[in-house]
Amino acid sequence: MAEERKDSEESPGTYSCSKTLRRRGEITPNGKVRYETTQNKAAGITKTNFFRRLVLSIVMISGFCWISVNDKIYSFGLIIFLTISIIREIIGITRKSDGRPFHLRTSIILGLAVPIYSYLVFPSIMMMYFSRVSKCFLRRLSFVCFYSYVAAFMCFVASLRKGRLKPQLGLFALIHLSTYTMAIAAKCAIFNLNKGRFWFVFPALLVISNDISAYVVGKSIGKRPLYRLSPKKTLEGFIGAFIFTTAVGFALGHLHVNSGFLRDADSEQFQKFMKFTVFGANVRVQSIYIHIIPFIFVASFVAPFSGFLASALKRAYKKKDFGEAISGHGGIADRMDCQVLIAIFASTYISSFIYTEERSVGSVFSLICRNFSHDEIMILIEMLNRRVESIRK
């Protein structure tokens, strides 16, 4: 009792100090001092989802930039790895609803998906890197892929069972949807890379900046949901992401033409000025900035719709994420859904407005050297000589 009275007779300053420390969390309610408050707070921060997303985002962006500035074969490998991983994750969301044994399901998926992907993607790489040795292989590739697909198709139809038709046919449709879409996206990304590193990296960085800024702005000031099937996306984040993506797009364009950022042999054409008349005034703008504008609009307003489709697909199968490959982000498909559409757009825009198929002497020469053997070139020279002699006569 005496000790309790003594404690109660503590000075007001001591009581105030104790109360302040307790409010700060440095003294627990039972009176013990917590000495590792800072460490506990730091440990709590490192375990948050935001911290994991931040660290992994930095690692992924750094890795992508390193791959992009090195030999193109690394970029080809990245494209193949990402697209195959996305196909696996999309098909994987039907795992519990299919009802087939694991070995039969896996065999059917590989039998249907591999021939389609191989037929659409591998010729693009073979013609670029192995053109001299791949002619015989490419002539027979379509034959091998077709009959491999037919065999898998027959096995799939034979394995259909009553009572499971809906999920089994859903798997069949999802295999074709994912494989065709990813194969086309991979082929377009390879095309973009061959036209210049900038046209491979630039669209991807636009989507990355749009995705990050939409998340940050939405978390900070977002109040109005943007899409009912994706409630975490907000209208404020959508608008803020467009503003930030515009700034990033013009900054990357400026670095490309003025600072040597991902410069290629054909980059000089984008330094040329284009003249416009705006309200009676003559305006001169470098052509790169004109080409950048469509990419900004597609990355900000069109590419997110592929993300909305991915959200709808996950909800249809009652899944939160496509996978758990990236901690804090979900699966690879959750992060790459918008990249698919921008890669396809980039290839169509490049072939339509930038590198049109107008043959020149230099392009024909490069084509001959890339695709013909020494003996075939000598035969071609003899044919051209005979043609020249006939014209002179």
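Positions of Cβ are set from backbone N, Cα and C atoms, glycine also.
As annotated by Swiss-Prot, transmembrane segment applies to 49-69, 73-93, 108-128, 141-161, 171-191, 198-218, 237-257, 290-310, with the evidence given as sequence analysis.
Remark: the transmembrane segment (108-128) makes no contact with the transmembrane segment (237-257), by the rule of 3 or more CB pairs under 8 A. Long-range contacts of the transmembrane segment (49-69) within the same chain: residues 75, 78, 197, 200-201, 204, 208, 212, 215, 262, 326-329, 335, each at least 6 residues beyond the stretch ends and with a Cβ under 8 Å from a Cβ of the stretch. Listed as Cβ neighbours of the transmembrane segment (141-161) (distance under 8 Å, sequence separation of 6 or more from its ends, same chain) are residues 99-100, 104, 107-108, 110-112, 114-116, 118-119, 122-123, 168-169, 172.
Of the recorded ranges 73-93, 237-257, 290-310, the transmembrane segment (171-191) has the largest number of C-beta contacts under 8 angstroms with 73-93.
At the 8 Å Cβ threshold, with sequence separation of at least 6, the transmembrane segment (237-257) comes into contact with the transmembrane segment (290-310) through 3 or more pairs.
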